[in-house]
Amino acid sequence: MSSGKIVQVIGPVVDVEFSLDQSLPDINNALVVYKNDEKKSKVVLETALELGDGVIRTIAMESTDGLQRGMEVIDTGKAISVPVGKDTLGRVFNVLGDTIDLGSSFPEDAERSEIHKKAPSFDELSTSTEILETGIKVIDLLAPYLKGGKVGLFGGAGVGKTVLIQELIHNIAQEHGGISVFTGVGERTREGNDLYYEMKDSGVIEKTAMVFGQMNEPPGARMRVALTGLTIAEYFRDVEGQDVLLFIDNIFRFTQAGSEVSALLGRMPSAVGYQPTLATEMGQLQERITSTKKGSITSIQAIYVPADDYTDPAPATAFAHLDATTNLERKLTEQGIYPAVDPLASSSSALAPEIVGEEHYKVATEVQHVLQRYRELQDIIAILGMDELSDQEKVLVSRARRVQFFLSQNFNVAEQFTGLPGSYVPVEETVKGFREILEGKYDDLPEEAFRSVGRIEDVVEKAKKLGY
């Protein structure tokens with residue numbers, strides 16, 4: 001193994017000089033710097049650029065505090081590798097595969113896998129048309145998820161992306177019963193901590209591996225932590241032949257970290273200050289998240305939308321890789337409708353009669369039509385009032401409002417905030433409920449009875465309590 005010396009440290013960027021008679025490390029190789037002679041404390045660097053004359057520029061995966069010029073840097077000869085296999089379940093890791101959950105550390109001889117890999121070849125890929133039931137009405141009805149598909153949860157700050165992803169973990173991980181991998185990329189440590197203890201209490205943690213590179217970590221760690229989580233998921237798919245659920249919160253932070261790294265490496269920025277390699281980096285990550293003939297990875301990714309602007313290059317680049325999108329809308333949070341999923345902006349390639357069935361498709365398209373017509377009439381209502389509408393339009397508006405409220409429901413993970421029990425609604429019940437609302441069966445019940453309930457039977461019960 002070749003070794004060099006540190007010649008410059010600029011924040012998370014470390015320049016290392018190797019003598020010209022040695023071979024230089026390959027790009028993406030892991031290099032190690034020991035902070036003291038006992039070799040107890042080390043910093044891992046990743047090769048990013050060759051500057052010429054034997055000098056390479058690296059990105060640190062940890063804080064560079066304590067590094068000095070002249071320190072020895074050892075090339076490991078391979079990329080960062082992380083533990084994989086059944087022993088990772090129930091544990092929490094950082095970007096380097098070190099355990100951070102106060103449990104015992106992994107043995108040195110544990111099976112490990114490199115985080116940089118090629119995506120599966122075209123002939124290995126497999127597609128599925130099986131629906132993944134989430135128990136969340138608005139998703140199951142209007143933008144259903146496919147097993148082995150890729151889903152994006154889009155939304156600005158504070159509209160409920162993380163709560164929605166936690167409810168999906170609660171519902172799918174418990175119902176699905178398979179293996180899950182949760183990757184926290186550049187988000188709040190507090191949320192990760194809450195999620196860990198919640199999963200521990202529910203017992204889901206025994207079938208889940210968790211990987212965190214939170215917002216206080218260097219950009220190198222935030223940029224690579226998604227690959228660490230994906231590597232663990234790929235092993236379960238390819239070697240164990242499992243169907244894996246991969247949750248990533250938040251893909252935007254992966255892009256943001258890449259932007260920071262790109263600037264530190266001296267690359268010319270592209271549109272809106274993003275890295276010129278944005279599409280390439282996103283493609284390298286997303287193309288590995290796929291289903292093969294051996295097993296599947298169903299991924300659910302939260303994607304922050306800066307300033308609620310969907311044309312921003314970061315969410316727009318991620319958009320192209322997804323099978324289904326769940327768009328969260330701030331206007332709905334202002335109306336107190338949770339989850340604040342926009343039923344007209346959200347979409348799914350699975351909403352087709354040959355996949356979901358004729359009745360489901362018919363009810364879903366009718367719901368979209370009613371909501372679209374209601375949106376068009378809102379300007380008239382705001383200016384001239386309800387009296388200017390025809391009798392037919394008044395009935396449509398009345399049903400549209402009931403549909404809109406019925407798309408909301410209480411979450412199990414939000415029970416501590418709302419004081420109301422969460423609900424899991426099977427797809428058949430969801431379709432039945434909306435069909436009966438559209439038929440006018442519940443026109444005599446108050447709109448308020450439809451808000452934040454599960455099944456249609458719960459609406460009737462709530463109406464009785466309200467005195468109807």
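Cβ coordinates are placed from backbone N, Cα and C, and glycine is handled just like the others.
Around Gly155 (ATP binding site), the same-chain residues six or more apart in sequence whose CB sits under 8 Å from its CB are Lys161, Ala302, Ile303, Tyr304, Val305, Asn327, Leu328, Glu329, Ala340, listed in sequence order. As annotated by Swiss-Prot, ATP binding site applies to Gly155, Gly156, Ala157, Gly158, Val159, Gly160, Lys161, Thr162.
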Inset, instruction - Go through Ala157, Val159, our binding-site residues, and report the one whose Cβ sees the most other Cβ atoms within 10 Å. - result: Val159
Inset, instruction - For the recorded ATP site, whose residues are Gly155, Gly156, Ala157, Gly158, Val159, Gly160, Lys161, Thr162, find every other residue on that chain with a C-beta no more than 8 angstroms from the centre of their C-beta atoms, and list them by sequence position. - result: Tyr304, Leu328
Inset, instruction - Please state whether DSSP places Gly155 (ATP binding site) in a helix, a strand or coil. - result: strand
Inset, instruction - Starting from each candidate's C-beta and looking 10 angstroms out, tell me which of the binding-site residues Gly156, Gly158, Gly160 has the most other C-beta atoms. - result: Gly160
Inset, instruction - Report, as a single number, how many Cβ atoms besides its own are within 10 Å of the Cβ of Lys161 (ATP binding site). - result: 26
